[in-house]
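Participant: Quick one: this structure, given as structure tokens, is what I'll be asking you about.
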Amino acid sequence: MSFMKPSALYMFLITYVSFRWMPCQSWGFLRWPGLDGFLRLLVVVLLWSMFSEIRYITSNSMHPTLREHDRVIIEKASYFIRSPAVHDIVTFQDPTQQLGDKEEIVFIKRIVAKAGDLVQVNGGYLYVNGIAQNEDFIAGRPRYESNLTYVPKGHVYVLGDNRNKSYDSHDWGPLPVKNIVGRYVMCCYRPSES
């Protein structure tokens, strides 16, 4: 019944009274912030550009967590104050890349083991220190086997979530922590599937 709904004028009068009790009683906060606001914005933009970046995903090695052509935000500051942790998704420089190569190759993978751990893929499961890992985020069980690998100090073991289509630590061994560029924060753009 539409005649039971309050009129628009009545709703405006009710809400207008509540504006007086708002912390910002005038609409002056919407104006341009001035020089001090501009300087604050400039500092935020400079810090953002120094400690974060947007990366483009070029493969399906992290499917289903990340898809090809996604754009992700990577932050570079947290590993200055803490060590990389298991289940962090990180971007890193290719550990097999030679120093003289002109183009920098960067991968994105998930850390599955840290320094001091023993890692093995056997029978479709990942074992860390002899314990099968419950991984509900992977695309499918690995169809390969890997030898028991010790992760030395200053290294982590990284695997893609799409285990069967990922070039990762099961191919080239533990990743040196110094190769890590940053930590995945969020996906900022995902193109629609066609």
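Cβ coordinates are placed from backbone N, Cα and C, and glycine is handled just like the others.
Relevant sequence annotations retrieved from TrEMBL are reproduced here:
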- 39-187: domain 'Peptidase S26' (DOMAIN)
- SER61: active site (ACT_SITE)
- LYS109: active site (ACT_SITE)
Participant: Take the domain 'Peptidase S26' (39-187) and count its residues per DSSP category (helix H/G/I, strand E/B, coil), listing them in that order.
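Facilitator: Final tally across the stretch: 26 helix, 51 strand, 72 coil.
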Participant: Give, as a single whole number between 0 and 100, the mean pLDDT over the domain 'Peptidase S26' (39-187).
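Facilitator: Summarising the domain 'Peptidase S26' (39-187) by its mean pLDDT gives 92.
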Participant: As a test of the contact definition, list every same-chain residue at least 6 positions from SER61 (active site) whose Cβ is closer than 8 Å to its Cβ.
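Facilitator: Expected: PHE107, ILE108, LYS109, GLY160, ASP161, ASN162, LYS165, SER166, TYR167, ASP168.
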Participant: Hey, what's the Cβ neighbour count for LYS109 (active site) at 10 Å?
Facilitator: 24
